[in-house]
Structure formats: structure tokens, C-alpha cells
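Peer 1: Here it is, the structure, as C-alpha cells.
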């Protein structure tokens, strides 16, 4: 009974923080003619409600794709349609074809914020609570504290309730590798084959259910794919903390190499960076390996893939939340860096104060709940196996925890200083984007460090092989 009382309190705290942030500005507020992502979400409701489903992804006089054309998967479009039906009941002007463009009012803002909050209440928050309650070898208070820290993660709150763009999660490759590995483990001539057939039928049925309106005609399917993978937009957009944007400071890849070569290079780097973890997961499927592979695959896509947005770092942060209880120090550090990497976007939307408050609240919650500064030994960083392997060749290799502590301190100081400089100083006229570029470059270096770190945990995880029987 006490657990549910405490968990209810945590959920209420999470909801209060979310709604408080939602009272602030949003993307593109009062900035015609394009406004921002808030208008994009509203416009998708307008399009999905007023146009036939086969016209959602096509350019026409009623659907100008240059004005926030729908470029998310069908499931997102269905969600927009559902919200549009509710909007129609409350105020039809909100989704009126053509005339509703750029619609802004307090009532409409309340409605749009409510759509996110309800989605969280129905899906995200119950999933967090259920996950934390199912954690083993943890006290009730630790489970509650874990839920509190996850629900207070500032990056997701600031984007969903401040900037306003609901993020969808796509981590299909680790799911595929984990389930395929389970099938291999059971044997493809017996139970494994039955499991493989069941999984294949489930995947096909889910795909057909979502995509059926768009796969009846070849041109329809190709158009949706073109919208989902907009290669014409270039290697990256805005100031994103991935390898390509960071390298562009020194080498203008977008101007030197043709588009098709850029795509090939980004694919190769992405594929090679996620390959080791995926192979390990297929050969030794385990829940722990699955969680960390979710992180490394998402981070590889963010760092190396083609056409990445700064908000895509949230697709990495959410699986990191799943390992917050296992490596609290490193997870907290990563989640702080992920929020910092979006600083230029958050400042553009006048979200400085909500950013500072939520980041401080999250850091305090993690520091007090997990005593993160006491969890920096080799065992608690899950680097024991790696360190033992290195010490076979380099006996003096005992300094890794101290190095990581110092790197964290340098990272924190750098983030604070860059934030202060961005807010208080004017950039040189010759380099108007100096501070956003520095934020992205520094964040990218840290993400590369984390990619190496998480891969080390996966590749040197000696327990996963011994515990496989327990996970079958």
C-alpha cells in the first residue's frame, strides 16, 4: 500500500512539473509565416481531418508540403486525426482547412498541451511506473526514486511541453536482434521456429494494420517513404550535436561530396558502429544486453545517420533512463548532456528558465536518490571486466574511475560556462553561430565518449552469457 501511495505522489509531481512547463512559450509562438513545430502539429490535425487518407502525404492545392507537410509515419498521422476529431467538437476553427493556418489562442494552447498530457497519462507514465515496479533486487523506495528521476528527465519534458513536439520511439534493430537471438537459443528446429513464426506473424499483422491504406498503390507507398526519409534536406539540419555537423566546422562535407556519397558514407558509419552490439545480442540474448543495445543503436543513429534533428537525442535518452538504476552516475551525466545539447533550440523558444529549473530538479533528484557520486567504482560503473582485461597487459590500469570523475567535473563546468556565455554574451559579427556551434561540438565529443563506454559494457559483459538460462 505504501508503494502505491509513494508512486502516486511521484506521478503527481511529474504531472505538476509537466503542466508548469507547458505554461511557458512554445516553438514559433507569434512568428509568422511558418511559426514552428507547434503549428506543424496543429496543421497535421487540419490535413488528416479534412483530406482523404491517400492525399495526406502528397503535394496539392489543399496540402502544400512546403508548409509543414506530414513527414512522420502513419501511426503519428492517426494520432493527429484522433486529436482533430476532439478539436472539431470543441472548436472547428482550430482545424478548418486553409483558414486555420497559424491559429493561436490561449484556449487552443490549452487543448494542444492537453493532448500531450493525456498521451503521457495513457501510455508513457504507466509504462515508466510498470517498468520500475518490475525491477528486481530493489527496495520499494529505490523503485519509487527511480520512477521519480525518469519522470523528471528535463529533455523530454522541455521538448514535449515547452517546444512542443511529441517524440516517437523507433528502436527496431535491437528488438529484432534480441528476439532473433532468443529464437536461435531455443533452436530453429523446435520451439525456436514456433517462436519465430509467431513473431513474424505479429510483425506482419502490425505492419499491415498501420500501413494498409498506403501500400495498395506503388506510388502511394513510395511517396510516404520519400516523406519519411527526406534525403533532399541534406546531411543534417540546424545545429545538431552529431559527427557530421561537428565536422562541418572544419570540413564542409555537404559542399564537397555529392548527396549519394554522403548517404553511403553515413550508412556505412552507422552500420559499422552498431554492428558489434547487435552481433553480441544475437549470440547472447539477455535483458541487460537488450537494454544497452537499445542505447548504443540509438546513439549510433544519432551520431552518424543521414538527416538527424537535434531533438533525436531523446531517442537515445529514453533507453538510457532504463539503465538509470544500474549505472546512475553515467546515466545522469548522459541525460544532463542530452538536455544541454538542445540548448540552442530551447533558447530559441524562450525556455531558459524552465530549462534551468528542470535540470537542477532532475540533478538533485538523481544525486539524492542514487548517491551518484558514491557510485563511481569499477564495479558500479560496470567496467570491472574491462579493467581486469586491460590490467593483464597494463598492471597500472587502476585509474579509470578517477579519470571518469574528472571528466564529469570538466563536463559540468563546460556546460555551465557555455550556457552562461550563450545567454549573456553577443557572438562576434564574423561568427554569429559561435555559441550554438560550440554547444553542438562539445556535446558531440561527449556523445562519442558515451558510445565507447556503452559498447564496452556490452562487449565485456561476462554475466550475460552465464545468465542466459535465467532469461529464457
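Each position is counted from 1, following the chain as shown.
Using the three backbone atoms N, Cα and C, a Cβ is placed for every residue, glycine included.
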Peer 1: Kindly point out the range from 246-264, 265-283 that TrEMBL annotates with transmembrane segment.
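Peer 2: Result: 265-283 is the stretch TrEMBL calls transmembrane segment.
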Peer 1: So if I exclude everything within five residues of the ends of the signal peptide (1-22), which remaining residues of that chain have a CB under 8 angstroms from its CBs? That is, six or more out.
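Peer 2: Answer is 113, 116-117, 120-121, 125, 129, 132-133, 140-141, 143-144, 147-148, 151-152, 157-158, 160-162, 351, 354, 358, 361.
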Peer 1: Who are the chain neighbours of the transmembrane segment (351-373) in space, where the CB to CB distance is under 8 Å and they lie at least 6 residues beyond its ends?
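Peer 2: Residues packing against the transmembrane segment (351-373) from afar: 17, 20-21, 24-25, 142, 145-146, 148-149, 152-154, 157-158, 162-163, 324-325, 328-329, 332, 335-336, 339, 343, 423.
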Peer 1: Taking 3+ C-beta pairs under 8 angstroms (sequence gap of 6 or more) as contact, is the transmembrane segment (313-336) in contact with the transmembrane segment (265-283)?
Peer 2: no
Peer 1: If you count Cβ pairs under 8 Å, which stretch among 144-163, 265-283, 407-423, 435-460 touches the transmembrane segment (289-306) the most?
Peer 2: 265-283
